[in-house]
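Participant: Input: one structure, supplied below.
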Amino acid sequence: APVTDVQFGPMRLRQDQLQVLLVFAEDDDQSNGFRWACEKAGFRCNIARTPESALECFLDKHHDIIIIDHRHSRYFDAEALCRSIRTTKPSENTVIIAVVQRHADREESSILPLISAGFSRRYVENSSRMACYNELIQLEFGQVQAQFKLRACNSLFAALEKSQEAIEITSEDHVVQYVNPAFETMMGYQIGELIEKQLTEVPINEKKADFLETINSCIKIGKEWQGMYYAKKKNGDSIQQNVKILPVIGQGGKIRHYVSISRLCNDNNKAEKTCECIQAESQTDIQTCRQKDMRKGSLDVRSTTSRGSDGSSQRRRSSMARVHSMTIEAPITKVINIINAAQESSPMPVAEALDRALEILRTTELYSPQLGTKDEDPHTSDLVGGLMTDGLRRLSGNEYILSAKQTHQVSGSLSSPISLNDIPPRITEAMENEEQWDFDIFELEAATHKRPLVYLGLKIFARFGICEFLNCSESTLRSWLQVIEANYHSSNSYHNSTHSADVLHATAYFLSKEKVKQTLDPIDEVAALIAATVHDVDHPGRTNSFLCNAGSELAILYNDTAVLESHHAALAFQLTTRDGKCNIFKNMERNEYRTLRQVIIDMVLATEMTKHFEHVNKFVNSINKPLAALEENGNNGDGESIKTVLRSPENRILIKRMLIKCADISNPCRPIEQCIEWAGRISEEYFAQTDEERRQGLPVVMPVFDRNTCSIPKSQLSFIDYFIIDMFDAWDAFADLPNLMEHLNNNIKYWKGLDARNLRVLRPPP
């Protein structure tokens, strides 16, 4: 018999040949039409003439579809037969159809009596064979397949019922919907005492409210959270639980259920207890639970362990059982093992403090601040949500397809200089002070008709001797710069080749600072300048979140992870190596090329904002603090100690990442007029994204960026406060950039002045 594969979540199901029962007192064109349709569709077909034989046949065969003749009441009562069938257990997932008369001259009758009798739907008589066939096929791929999936749920509930782990399921409103026998045994409740009760009515968790508030900062962005808390049994005893939480999405793309799975430690500590709470909350909560400003508070990590005496000795004894031994230990595992060992001989307050430290260490987002949500700034909230997440992972029929495969070719009409000596005077004049921080990229943009990257690239690359290092000609470099610039979208208000040229300029400026020169090798400088040039190539003017929500080809290709940054790096090498005329790497030795390529890719990927705090915190802890300690200890002149800090391979990587990150978002540290221009451009790009999201019916990632209501001063202040100040404080402490910090302070004052006057625009009115 033919079978069909049906996908149900992660389950792969095999659906056998469908069985159909026809209940017709006499043969006629209608019954013959359905019989022919069953044969054509490959379904097994049985025919019953009476209600008694129909019921007997169904109980024997358990048909998937029953079609009952409802046209002639003189033969049998079709509704009574349907009710009889529905009283049987096998009919729970059967689709029952009523064939009703066609009355062209009579008003349409209600279907409710049929529904009340147990029919799934009606079929208005039509003896056309193809009409009957179409009806069966629609049933097969609609209601029958849905019922087949529901039957598969029985196997899942059978597993839950027999599971040795305690399982509890609640609704999004925290109403208990199911608990299994193991839960009843563990917690001392009977299922009837819990079903349809609010969790607040059942004191299972001593600190439920505090627990939910603590974990909210993690699950709001779809991340798993793991920690420990005490549950209280019906008799009042406390039991320690270790929880893992993640959101489960149901109807309408919203989170609909909470599922809790727990397993207790035994007394001799040989079994590790785990508890998984698959948590759910409304989509609104996910949108509103944003991270607070980093500078306004420290990590909001609350203790989720009981301070009481109940279970405290068990807590001490179980500390070592929480970490499994590993054949190859990662550094974080060694740290956790050291803390666990220290707990064994520590007083209770110290042991509990170490437990809270372990909870933090076991999270995956060690460097992203978990901040509160009260009194938050919506501008900060939207910026964080838009820049530091990869979308809501919401399925959508809309597609945003990037023209990644249609990369721009350099046309012969592009007139570029043969060499630096052929640059027109106006462009030469615009680049005169390119070594200074106050260099005006917009003047060069105007002079080059929006192609500043080729000209500025030629000059900066010549200053750093890039052609000599790569062993390539200036014409090859020029062709490469042309190809790269042609693949930036001039239609983007912000992410165009002018932004690339601006980042290239900032990168070159940072490379000229003494501390940076002490740290990096020539290959690092070459990699940094190339990475700056290509870091946003083929940017569509939309964020990663947008592409993920739209189900774009790039998001699918890169698994919703660092989508754009991965694309920029990959495309840059594709464009470079596909044509020898622009392949600046073609004369490099293989190993040197691989090293250079690795550094370029690492720097481009470092511009992705989801790891912003990780990069900044690592820089502060590995670079700033050790250098400050040497200075405080009077070792400022100890060149060897400083060199040890600066020249280690790990620290050089951190410095290169920090360098390109600061270059990429240095707009708030530019002179005021440039800062204002960049603010207008990025705002326009975000406005355009919001417009498109609303047109396509996609989730609006940054709703505050509505061109009709957005306050640009507020958005700039939020971005500066959340992302810029700490990063540039750290970079300035390393590279010594007093002029940048002065511009930053002036720009903050400017935006605050506009905001104080409740102005939402870039500039005050004349």
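Placement of Cβ uses the backbone N, Cα and C atoms for every residue, glycine included.
Look at TrEMBL and you will find H495, N496, S497, T498, H499, D536, D664, Q716 tagged as AMP binding site. Feature annotation from TrEMBL assigns Zn(2+) 1 binding site to H499, H535, D536, D664. What TrEMBL lists as Zn(2+) 2 binding site is D536. Positions annotated as compositional bias 'Low complexity' by TrEMBL: 302-312. Per TrEMBL, the feature domain 'PAS' maps to 152-222. Residues or ranges marked as domain 'PDEase' in TrEMBL: 419-758. According to TrEMBL, the region 'Disordered' annotation covers 293-323.
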Participant: I'd like to know which of these binding-site residues, H495, H499, H535, is least surrounded, judged by other CB atoms within 10 A.
Facilitator: H495
Participant: I need the neighbours of the Zn(2+) 1 site defined by H499, H535, D536, D664. Which other residues of that chain put their C-beta within 8 angstroms of the C-beta centroid, in sequence order?
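Facilitator: The answer, listed by sequence position, is H495, S500, V503, A532, H539, T607.
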Participant: Fill in the CA-CA distance, D664 (AMP binding site) to H535 (Zn(2+) 1 binding site), as an integer in Å.
Facilitator: 9
Participant: Near the Cβ of T498 (AMP binding site), how many other Cβ atoms are there if near means within 10 Å?
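Facilitator: Taking every protein chain into account, the count is 28.
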Participant: Which number gives the other C-beta atoms within 10 angstroms of the C-beta of Q716 (AMP binding site), all protein chains shown included?
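Facilitator: Other Cβ atoms found within 10 Å: 28.
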Participant: At the Cα level, what's the spacing in Å between H535 (Zn(2+) 1 binding site) and H499 (AMP binding site), rounded?
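Facilitator: Their Cα atoms are separated by 10 Å.
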Participant: For D536 (AMP binding site), which residues in the same chain are close in space, meaning a Cβ under 8 Å from its Cβ, but six or more apart along the sequence?
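Facilitator: When sequence neighbours closer than 6 are ignored, D536 (AMP binding site) has Y488, H495, H499, S500, V503, L564, H568, T607 within Cβ distance under 8 Å.
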Participant: Report the member of N496, S497, D664 (the binding-site residues) whose C-beta atom has the most other C-beta atoms within 10 angstroms.
Facilitator: S497
